[in-house]
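Here is the structure we will look at.
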Amino acid sequence: MAMKAVCVLKGDGPVQGTINFEQKESNGPVKVWGSITGLAEGLHGFHVHQFGDNTQGCTSAGPHFNPLSRKHGGPEDEERHVGDLGNVTAGKDGVAKVSIEDSVISLSGDHSIIGRTLVVHEKADDLGKGGNEESTKTGNAGSRLACGVIGIAQ
């Protein structure tokens, strides 16, 4: 049975958006789509973080969701956090149209992202290839512009 989820992204500044998730079968890939507005033109890191806690803004969401204790990487890499979804690209109009299919995240089971926080970052994610320690943790993606808790949808 298909599962669906949704996340409304908000931050302290102009960045906001709505991201949808759908998984047709429990061990199948998750489709991720939607749009984010108010971004600077270019690439922005896009990750699922550990906690669904936004009590202190996006900071209380903790680190990237990483139940397998791996190093940070890109969405196509074998060595990656479960929450590593790479980058979204904003055009000159500040809008990023998101369309991703990922086989590591899930809407159920051990890798479920339900109840966790989705974050869009200030800078591009270097996908763990930045050559320093921070790269292997965060991809040097910078501050958290907007976030929201991923919830079950109809």
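Here the Cβ of each residue, glycine as well, is placed from N, Cα and C on the backbone.
Under the heading N-acetylalanine, Swiss-Prot lists ALA2, citing similarity to another entry as support. According to Swiss-Prot, the feature N6-succinyllysine maps to LYS4, LYS10, LYS92, LYS123, LYS137, an assignment based on similarity to another entry. Swiss-Prot lists CYS7 with the feature S-palmitoyl cysteine. The Cu cation binding site annotation in Swiss-Prot covers HIS47, HIS49, HIS64, HIS121 and is backed by similarity to another entry. The feature region 'Disordered' is assigned by Swiss-Prot to 59-81. Look at Swiss-Prot and you will find HIS64, HIS72, HIS81, ASP84 tagged as Zn(2+) binding site. Swiss-Prot lists SER99, SER103, SER106, SER108 with the feature phosphoserine.
Of all the recorded positions given, namely LYS92, SER103, SER106, SER108, HIS121, LYS123, none has its Cα within 10 Å of the Cα of ASP84 (Zn(2+) binding site).
Within the set of recorded positions CYS7, HIS47, SER103, HIS121, the entry lying nearest in space to HIS81 (Zn(2+) binding site) is HIS47 (CA atoms). Most Cβ neighbours within 10 Å, among the modified residues SER99, SER103, SER106, SER108: SER106 holds that distinction in the structure as shown.
Within the group of recorded positions (LYS4, HIS72, LYS92), the Cβ with the highest number of other Cβ atoms inside 10 Å belongs to HIS72.
Annotation: HIS64, HIS72 are the binding-site residues among HIS49, HIS64, HIS72, HIS121 whose CA atoms are within 10 angstroms of the CA of LYS137 (N6-succinyllysine). SER99 (phosphoserine) sits 17 Å from HIS121 (Cu cation binding site), counting Cα to Cα. Here the Cβ of LYS137 (N6-succinyllysine) has 15 other Cβ atoms within 10 Å, regardless of which shown protein chain they belong to. Taking the C-alpha positions, the distance from SER103 (phosphoserine) to HIS47 (Cu cation binding site) comes to 14 Å.
Remark: of the recorded positions LYS10, HIS64, HIS121, the most isolated position is LYS10 (fewest other Cβ atoms within 10 Å of its Cβ). Taking the Cβ of HIS49 (Cu cation binding site) as reference, residues of its chain lying under 8 Å away and at least six apart in sequence are, in sequence order, CYS58, ALA61, GLY62, PRO63, HIS64, PHE65, GLY83, ARG116, THR117, LEU118, VAL119, CYS147. The number of other Cβ atoms within 10 Å of the Cβ belonging to ALA2 (N-acetylalanine), over all protein chains shown, comes to 10.
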